[in-house]
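Enquirer: I'd like to ask some things about the structure below.
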Amino acid sequence: MIENNLVVLSLVVPIFTAIILVFLGQRYRAKRYVTLTGLVLTLIVAIINLRNVYVDGPLKVELGSWPAPYGIIFLLDSFSAMLIVTSIIITILITAFSSTTAGIDRERYYYHFSITFMLVGIIGAFTTGDIFNLFVFFEVFLMSSYALLVLGGTQIQLRETVKYLLVNIVTSTFFVIAVAILYSIVGTLNMADISEKLSTLSNTHGGLLSIVFILFIFVFATKAGAFPMYVWLPGSYYAPPFAIIAFFGALLTKVGVYAILRTLSLFFHNTMSFSHYTILFLALLTIIFGSVGAIAYDDTKKIIIYNIMIAVGVILVGVAMMNEAGIIGAIYYTIHDMLVKTALFLLIGVMYQITKSTSLKDFGGLIKHYPVLGWTFFIAALSLAGIPPLSGFYGKYYIVQATFEKGFYVSGIIVLLSSLVVLYSVIHIFLKGFFGKPKGYEPTQSVNVKHATTISIIAVVITVVFGLSADLLYPLISEAAQSFYDPSIYIESVLGGRS
C-alpha cells in the first residue's frame, strides 16, 4: 500500500512545490532553489517507483478507495515510470539551464511555477487510467505551456501564442467530443473497462468507433506535431527561449505520442487493419515533411525543430506496427529523443549566447574558441542520427526490424533514409557553425556561457549513458512493451491487479 501511494506522491510533490512558488513573489533566486529542490525530491520518488514497478509489477492507486472502473484510477507501469523519470531529469536540466539563459524578468514571475505545474500535467497524463482525466491533465500542461510561451512578451511570442492557443482550443474541443461519443457507447471512462467493452461492441458500433478513432488521432497527432497537423509547431516552438523550446520539444510532443499508443492499443486493437494503416500513412508523411524542413533551413532552431517531426514520425511507424519489435523500438526511441532533443536545444542555446544569432550565415569557427562545445555537439548529432552504439541506433533498429517482419519494406527504408537526412542536417550545423573563419561574434568565457555549457554537456552525457545501457535496460523496456501489443496485461492490472 505504501508503494502504491508513492505513485500519487510523484504528483503531490510538484503540486506543493508550485504552491510554494506562488508565495515567493519576485524572489527569483529563492524560486530557483525551491524548484530544483522540489524536482530532485520528485525524481527520488520517481526512481523508487520505477524500481518498485520493475520488481513488483504495475502499481495501482484507487482514489477514495473507489474500485475500478467506478473511481479515479492511477496506474504506473514500466513505460509510464520510465517516461516520468526521464521527464523529471529533463526538467531539472532545463531549470538549471534557465538560470543563465531565460532572463531574470521571466524568472521573477510565473516561469518556475509554470514549469513545475506543466510537469504535474505531464506526470498525470502518463499515469491516469481514466480517459477524461487524460483530457484534464492535457489541459493542465497546456495552460502552463501558454504561460511559458508568452512570458517575455516579445512580438513573435505574442503572435505565436495566439496561433498555439487557437489550435489547442480546437483540439481540446474535439477531445471532449470524442470522449462524449465514446462514453455514449460504453458508459464508462475507465480506459481498461472501455477496452473490455469495446471488444464486444466493435461489430455493432463500427461507424461511431471510426469517428472516435479519427477524432482521437486528430487531437493526439496535433499535440505530437504529426502530419498534417504540424503546421503550428515550427512557429510556436521557434518563439520562446531555448530552455522552453527544449522543454516543449522533449516533452509535449511525446505526451501526444504516448496518448496515441495507449488509446490505439486499448480502444482500437480489434480494428488494426484500418487504424494502423492510418497511423503508418501519417507517420511516413511526417518523416518526409520533417526531412524537407530539416534540410531547407540555415537556422539552427528550425533545423532541430523539424527534426522533432522526423522523430515523431519514426516513433509512430513503430506504433503502427503494433508488434513486439515495433513497440520496443518506439519506447527506446521515445526516451532517446526526449534526452537528445533536450541536449541539442541546450547546445544551440549556448551557441546563441555566444553569437547572438541562430542563423548559420551569421557565424562560424566556434571550434577554435569552444572545442568542448563543438565536440559535445558532434556526439549529440551522431546520437540523434542513430549511429551505433549511441542511443538513437537501438530504437530505429527495432522499428526497422518490425517493418520488415510485417512486410512494410518501403516504410523500413524510409525510416533508414531519414537517418541520413538527420545526419546531414545536424552535421550541416556542426560544419558551418563550428568550422570556417570565426565571424559575427566576440569570443567570451563568461560565467553564464560556462554554466550553460556545463549543463549541456551533462545532458549529452546522460544521452550517451542511455545508449550504452541499452542492453541493461532491455528487460524493462521489453516488459513495458508487452502491455501495448497485449492489452490484456494493462486491463488485468487495472481491473484485477493489486491495490
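Every residue, even glycine, has its Cβ placed from backbone N, Cα and C.
As annotated in Swiss-Prot:
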TRANSMEM  33-53  transmembrane segment
TRANSMEM  72-92  transmembrane segment
TRANSMEM  109-129  transmembrane segment
TRANSMEM  131-151  transmembrane segment
TRANSMEM  169-189  transmembrane segment
TRANSMEM  207-227  transmembrane segment
TRANSMEM  241-261  transmembrane segment
TRANSMEM  277-297  transmembrane segment
TRANSMEM  303-323  transmembrane segment
TRANSMEM  327-347  transmembrane segment
TRANSMEM  373-393  transmembrane segment
TRANSMEM  410-430  transmembrane segment
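Describe the structural surroundings of these features, if you would.
Expert: Counting only same-chain residues 6+ beyond the ends of the transmembrane segment (33-53), those with a CB under 8 A from a CB of the stretch are 3, 6-7, 9-10, 13-14, 16-17, 20-21, 24, 59, 76-78, 81-82, 84-85, 88-89, 91-92, 95-96, 112, 115-116, 119.
Outside the transmembrane segment (131-151) by six or more residues, the chain places 72, 106, 109-111, 114-115, 117-122, 124-125, 157-158, 160-161, 164-165, 168, 172, 175-176, 179, 182, 189-191, 194, 223, 236, 239-240, 244, 247-248, 252, 255, 259, 263 with a CB less than 8 A from a CB of the stretch.
Beyond its flanks by at least six residues, the transmembrane segment (169-189) meets 69, 130-133, 135, 138-139, 142, 197-198, 201, 205, 208-209, 211-212, 215-216, 218-219, 222-223, 267 of its own chain at Cβ-Cβ distances under 8 Å.
Packing against the transmembrane segment (303-323) from elsewhere in the chain are residues 224-227, 230, 233-234, 237-238, 245, 249, 253, 256-257, 260-261, 264-265, 269, 272, 276-277, 279-280, 282-294, 296-297, 329-330, 333-334, 337, 341, 344-345, 348, 384, 395-396, 398-399, 402-403, 405-406, 408, 411, 414-415, 418, 421-422, 425-426, 428-429, 484-485: each is 6 or more residues past its ends and has a CB under 8 Å from a CB in it.
Counting residues 6+ beyond its ends, the transmembrane segment (327-347) has Cβ neighbours under 8 Å at 79, 82-83, 86-87, 89-90, 93-94, 97, 242-243, 245-246, 249-251, 254, 257-258, 261, 304, 307-308, 311, 314-316, 318-319, 321, 373, 376-377, 380-381, 383-384, 391-392, 394-402, 426, 452, 455-456, 459-460, 462-463, 466-467, 470, 477-478, 480-481, 484-485 in the same chain.
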Enquirer: Restricting to CB pairs under 8 Å, which listed stretch, 72-92, 109-129, 207-227, 410-430, is in contact most with the transmembrane segment (241-261)?
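Expert: Comparing 72-92, 109-129, 207-227, 410-430: 207-227 has the most Cβ pairs near the transmembrane segment (241-261).
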Enquirer: Test the contact criterion for the transmembrane segment (410-430) and the transmembrane segment (109-129): 3 or more CB pairs under 8 Å, pairs 6 or more apart in sequence, then answer yes or no.
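Expert: Judged by the Cβ rule, the two regions do not touch, with the required three close pairs absent.
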